[in-house]
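S.K.: Please see the structure below; I have some questions.
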Amino acid sequence: MANTKDDIVIYDYIIIGGGTSGAVAARRLAEGKDHYNVCLIEAGRSHEGIDNSRMPGGLPALFQENLVDWGYEMVPQKGCSNRILAASRGRVLGGCSAINGTVFTRGAKADYDRIAGMGNPGWSWNDMLPYFKASETFHPVEWHQADLSAHGTDGPLHTEPQPLAPISEKVLESFIDQGFEYKPDMFIQGEYEDHPIVYTSYQLKDPNLTLDRFFYHSPDTLALSIKEWHDTKTGPMTKFIFGCFALKRIDKTIQDPIWEAAKSEQQCDDPTGQLPNQPHIEFFNTELYIVPPDLHPQSPSNGEGVFTLITLLCGPQARGTVRLSSSDPTSKPIIDHAYFDNDLDVAVLAEGCRLAHEVLMKGRGTKDIMIGAWPKTTSYPTDLNGWKEHVRALSGTCCHASGTCKMAPNNDPMGVVDNRLRVRNVEGLRVADVSILPILNSGHPQAPAYAIGEKVAHMVLQDAETGKSF
């Protein structure tokens, strides 16, 4: 309850933006021993009553409804055949955690060690691990080999491994067969930047290998699935829509003049700047057909088995911009992710796509069940140059925008906040969400967003106890 004086409401802290990090910070500040009065301001609606936000299988419908999304778009992306891509941001209590694919991975340990090494003490993997664990209550299951020391036990966010669908078991078998090291628990792996991705879809001989294709069945089937979720929290809509995940470096396989020229120019072995323990690519498969309709408007019909293998670029070189479109604060900003303005990004992602295709076509688990590309009228490239064209024509976004309020030491002219997330030359103001990350973690930013909320609340409480300026 807020204090009031002369009809004026008095708060100890005001948090603008009830997104993932903001909501976490508000809770931690309010529940501390001093029980601070916290005002959390969110432009969007409450998440209550939005079924598709609570059902893992409701993700595609969320973006179709456009009820909880700011509806931003990028300017035409020159590197992506001048296509206009969505720049989705959650406009709802919980922010992007309410409209995402529920992927909860932290990335590589080296991601955070690299951030700390850029002049940001307190942000290494060892520094961040307690905050990752603080938000989590992990529920182990007998069939999953988990490292319990890497997981939290009493946080508000409940996580649990999900069993793989038959197609994902096959994909996993192929990755292992093609030399990928199997690590059951990815939690022990631990400017403006975003992750470009390529959706590559394949048709299967046996449609029963996919988990669910109800998104393309009759409205009656979809309605029954939603009713089943409402009544018993069971059925297709409860399913996590992704299967297995893999991280890969490409420096040992890529054979491309752009890569070699960049190595020579920078006089280094890895021109992307990734540390030896950071991946260049993430792969993850869907357990159904999920591709933006602007890329492939054709949907599978009954009796056809199709799934998608997504190739995501880690550590992109291109940096985009966010600019004001007018003096009207309600006007949408001008967003340019600058996808593939850097030829090195194209080369690396093209090599990732080539490797993904090779894994599926040669791997023991999938080589005998693949019919070919989807849609049926398409075919996949046979060399790296062909994959580059494929990347430019069919890449989309994973909606992992970050870096607009970069955390950096004072000697970095692009820095906005210091390592305690205080805005330069502005007293009493901090920024705390993934916008502060100088580089994005390898994979998905939901877990870091929770950890940033935990960490900023801890820092604010520390400073309050010691009497330091906010």
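Note: Cβ is positioned from N, Cα and C throughout, glycine not excepted.
Caution: TrEMBL annotation is automatic and unverified by curators.
Pulled from TrEMBL, these are the listed features:
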type	residues	note
DOMAIN	11-180	domain 'Glucose-methanol-choline oxidoreductase N-terminal'
BINDING	Thr20, Ser21, Val92, Asn100, Gly101, Thr102, Val103, Pro445, Gln446	FAD binding site
DOMAIN	316-453	domain 'Glucose-methanol-choline oxidoreductase C-terminal'
ACT_SITE	His400	active site, proton donor
ACT_SITE	His444	active site, proton acceptor
S.K.: Take the C-alpha atoms of Val103 (FAD binding site) and the residue listed as 'active site, proton acceptor' and report the distance between them in angstrom, rounded.
M.R.: 7
S.K.: Checking the recorded positions Thr20, Val92, His400, which are within 10 Å of His444 (active site, proton acceptor) at the Cα level?
M.R.: His400
S.K.: Express the distance between the Cα positions of Val92 (FAD binding site) and His400 (active site, proton donor) as a whole number of Å.
M.R.: 17
S.K.: How far is it from Thr20 (FAD binding site) to the residue listed as 'active site, proton donor', counting Cα to Cα, in Å?
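M.R.: The Cα atom of Thr20 (FAD binding site) is 13 Å away from the Cα atom of the residue listed as 'active site, proton donor'.
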S.K.: Please determine which of the binding-site residues listed here (Thr20, Gln446) has the lowest count of neighbouring CB atoms within 10 Å.
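M.R.: Relative to the other binding-site residues in Thr20, Gln446, Gln446 has the fewest Cβ atoms within 10 Å.
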S.K.: Here the active-site residues are His400, His444; which one has the lowest number of other Cβ atoms no more than 10 Å from its Cβ?
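M.R.: Candidates: the active-site residues His400, His444. Fewest Cβ atoms within 10 Å: His400.
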S.K.: Over all shown protein chains, what is the count of other CB atoms within 10 A of the CB belonging to Val103 (FAD binding site)?
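M.R.: Its Cβ shell of radius 10 Å holds 16 other Cβ atoms.
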S.K.: Taking every residue in the domain 'Glucose-methanol-choline oxidoreductase C-terminal' (316-453), what is their average pLDDT?
M.R.: 92
S.K.: CB neighbours of Gly101 (FAD binding site) within 10 A?
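M.R.: Result for Gly101 (FAD binding site): 18 neighbouring Cβ atoms inside 10 Å.
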S.K.: About how far apart, in whole Å, are the alpha carbons (Cα) of the residue listed as 'active site, proton donor' and Gln446 (FAD binding site)?
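M.R.: Gln446 (FAD binding site) has its Cα 9 Å from the Cα of the residue listed as 'active site, proton donor'.
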S.K.: Going by DSSP, is Gln446 (FAD binding site) sitting in a helix, a strand, or coil?
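M.R.: Looking at the DSSP assignment, Gln446 (FAD binding site) belongs to a helix.
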S.K.: Which residue counts does DSSP give the domain 'Glucose-methanol-choline oxidoreductase C-terminal' (316-453) for helix, strand and coil?
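M.R.: Across the domain 'Glucose-methanol-choline oxidoreductase C-terminal' (316-453), the residues distribute as 42 helix, 20 strand, 76 coil.
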S.K.: Among residues Thr20, Ser21, Val92, Asn100, Gly101, Thr102, Val103, Pro445, Gln446 annotated as binding FAD, what is the maximum Cα-Cα distance? Answer in Å.
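M.R.: Value for the max Cα separation, rounded to a whole number: 19 Å.
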S.K.: Through the lens of DSSP with three states only, how would you label Val92 (FAD binding site)?
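M.R.: In three-state terms, Val92 (FAD binding site) counts as strand.
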